[in-house]
Amino acid sequence: MYSGQHIKEPVTRVAGLQKSVLPMLVVDSITLFYGNRKVIDNVSFSIRPGEIITILGPNGGGKTSLVRVLVGINQDYIGTIHYTKRPIIAYMPQNFKVNSFMPMTVEYLLLSACWGRGISLDLRAVIQYVDISKLLTRQISELSAGEIQLVLLARCMVMKPDLIVLDEPVSCMDVEAKNNFYRLIGKLVSKYNISIIMTSHDLHCVMACSDRVICINRSIRCEGTPEEITESAKFMSVFPENV
């Protein structure tokens, strides 16, 4: 359920950076069922402009189901999502489907994100910032998994979003590519003051990037800064493979 309710919270600092007084999104008591099976149980959190939140959890723990609620794909939930204003939300799904029967260049895919939106963000600046100029004339089907993720990130950026939701964005990358991707995310947030919510099942790769980590296994088990999370007894009991 959408609400335009304004939320009043004190100014705080996250990762040493001054954050907006008001969160741009507040998730309040979200519960979701698939049939009789509860996949999300009473999840609540908020995010401010310029903040990076990682939703960490095991496979099958409800991460993807939660982000599908946040971006409006799944609307059959209990609870409320509050916005201080109606935001532009860009979504990067975990599995991008490439249709081999409809060839598409990288440039065409990026331009398609601009059509009918009146977007003012300079497409060329985004292409240079994400460093995909050399990929523009190539077919999407020819790209590696890591290259596709960079292109999809650029596509999100040209929408001039307030919030980008990334579902397991680095699951197909090696360690070096993961680190480079997370560094790029941090730079984009600093430059454009956008908010990021991303899912992962690997804490170690998000340590240098996230302001906050929310550990979920249907319900929220613990949350805090990456440093606080790794010291949490609840985290170690639920996600021992990440310790």
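The backbone N, Cα and C atoms fix where each Cβ goes, and this holds for glycine too.
Copied over from Swiss-Prot:
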type: BINDING; residues: Gly57, Pro58, Asn59, Gly60, Gly61, Gly62, Lys63, Thr64; note: ATP binding site
type: DOMAIN; residues: 25-242; note: domain 'ABC transporter'
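The binding-site residues in question are Gly57, Pro58, Gly61, Gly62, and the one with the fewest Cβ neighbours inside 10 Å is Pro58. Report note: the ATP site is defined by Gly57, Pro58, Asn59, Gly60, Gly61, Gly62, Lys63, Thr64, and the residues of the same chain whose CB lies within 8 Å of the CB centroid of those residues, excluding them, are Ser65, Thr199, His201, Ile216, Asn217. Taking all protein chains in view, 8 other C-beta atoms sit within 10 angstroms of the C-beta of Asn59 (ATP binding site). Least crowded of the binding-site residues (Gly60, Lys63, Thr64), judged by neighbouring Cβ atoms within 10 Å of its own Cβ: Gly60. If you take every residue in the domain 'ABC transporter' (25-242) and average the pLDDT, you get 87. In the three-state DSSP classification, Lys63 (ATP binding site) falls within a helix. In the three-state DSSP assignment, the secondary structure recorded for Pro58 (ATP binding site) is coil.
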